[in-house]
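Data first, discussion second: the structure below is written as structure tokens.
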């Protein structure tokens with residue numbers, strides 16, 4: 001097994017476990033795998049070669065060693081590591097398969113949708129002032145954006161940090177995770193009991209053997225019994241620590257699930273009105289009583305003064321108000337007074353513009369008088385009647 005494969009495996013286990021599970025994984029790697037591989041091999045490498053009995057009977061020494069150690073300590077611990085880690089590895093394989101299947105299904109759905117547009121309604125923001133297309137624009141308009149851009153915005157938003165439990169629940173892996181946790185705990189308890197019945201808590205310096213083919217009771221001696229006893233107690237402690245971590249993780253999952261359910265119920269009680277209003281797909285519109293402003297026809301540019309342009313704009317605005325406004329019978333008194341003042345101001349503005357045009361265009365008035373004079377020559381009866389009355393006519 002290469003280190004790169006082990007590194008990838010550990011990264012995946014970290015991504016799909018709680019923080020207590022990550023602590024358990026650290027204990028498994030550091031105190032079990034490394035300690036067994038480094039310390040166990042160096043301590044127990046001469047376990048059988050240094051097992052010496054005070055007899056010359058052929059085969060007696062091998063029989064006594066088999067009675068002393070039915071299973072080697074190192075092989076027992078290696079077998080324990082493999083069986084305890086098997087549920088986690090199986091859970092990891094199932095989790096990777098399920099998540100990959102979910103991602104493949106989501107990718108197919110996105111490809112089938114072919115990036116549909118998400119629509120939302122937004123305020124107009126005074127775009128009418130810059131457009132000159134002679135068209136009526138609504139006060140509300142749909143804003144288009146790509147579905148992918150919307151998803152990227154959602155992903156960029158900061159998500160609340162959690163300990164991995166919520167991610168396991170969101171991926172639908174909670175039952176499998178609890179099942180592998182229970183299996184791991186059962187294996188820990190089984191190996192802890194088996195280690196006690198096989199080796200006890202101490203490695204004795206000698207062993208009395210009376211099995212056949214030994215002719216009588218003989219004494220066999222073990223190398224470095226104190227060192228092996230200390231290492232045996234360390235492995236007991238590591239097994240107990242892993243068992244406590246498993247129990248802690250089960251309690252963490254149970255209390256965390258209960259806390260999440262209580263928090264969700266509390267949020268529902270605090271915000272009961274979130275589900276009282278039915279959702280409709282009606283097109284949004286302006287508030288009641290709000291009139292859509294229609295653009296007037298574009299005024300052709302002439303050489304009129306600014307006063308004449310302002311007059312025409314005011315006249316168009318008044319026409320729009322009369323067209324889309326309420327009836328005069330339903331208007332309040334203040335609004336009627338305001339309209340009368342607007343009409344009076346309009347009349348004054350008309351007189352001012354006429355006087356301004358008469359003052360600035362005297363040549364045009366003389367041409368008009370000449371044309372009227374030619375008309376008067378053709379119609380002598382009307383001219384003589386006006387001259388006979390002695391009245392002068394003023395042409396504006």
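Keep in mind that glycine also has a Cβ here, set from the backbone N, Cα and C atoms.
Cross-referencing 130-152, 153-175, 176-198 with Swiss-Prot places the feature transmembrane segment at 176-198. Topological domains recorded in Swiss-Prot put residue 21 on the other membrane side from residue 213.
Per Swiss-Prot, the stretch carrying the note transmembrane segment among 209-228, 229-248, 249-268 is 229-248. Cross-referencing 315-355, 356-396 with Swiss-Prot places the feature region 'Disordered' at 356-396.
Of all ranges given (56-75, 76-95), Swiss-Prot attaches the label transmembrane segment to 76-95. Here the topological domain 'Extracellular' (46-75) is broken down by DSSP into helix, strand and coil counts: 12 helix, 2 strand, 16 coil. Distant neighbours of the topological domain 'Extracellular' (199-228): 43-44, 46-47, 50-55, 57-61, 63-65, 67-69, 73, 236; these residues of the same chain sit at least 6 beyond its ends, with a Cβ under 8 Å from one of its Cβ atoms. For the transmembrane segment (176-198), the most Cβ-contacting stretch among 23-45, 76-95, 229-248 is 76-95 (pairs under 8 Å). Panel annotation: around the transmembrane segment (76-95), residues 9, 12-13, 16, 25, 28, 32-33, 36, 40, 171, 173, 176-177, 179-181, 183-184, 187-188, 191, 194-195, 198, 235, 239, 242 of the same chain, lying at least six beyond its termini, place a Cβ under 8 Å from a Cβ of the stretch.
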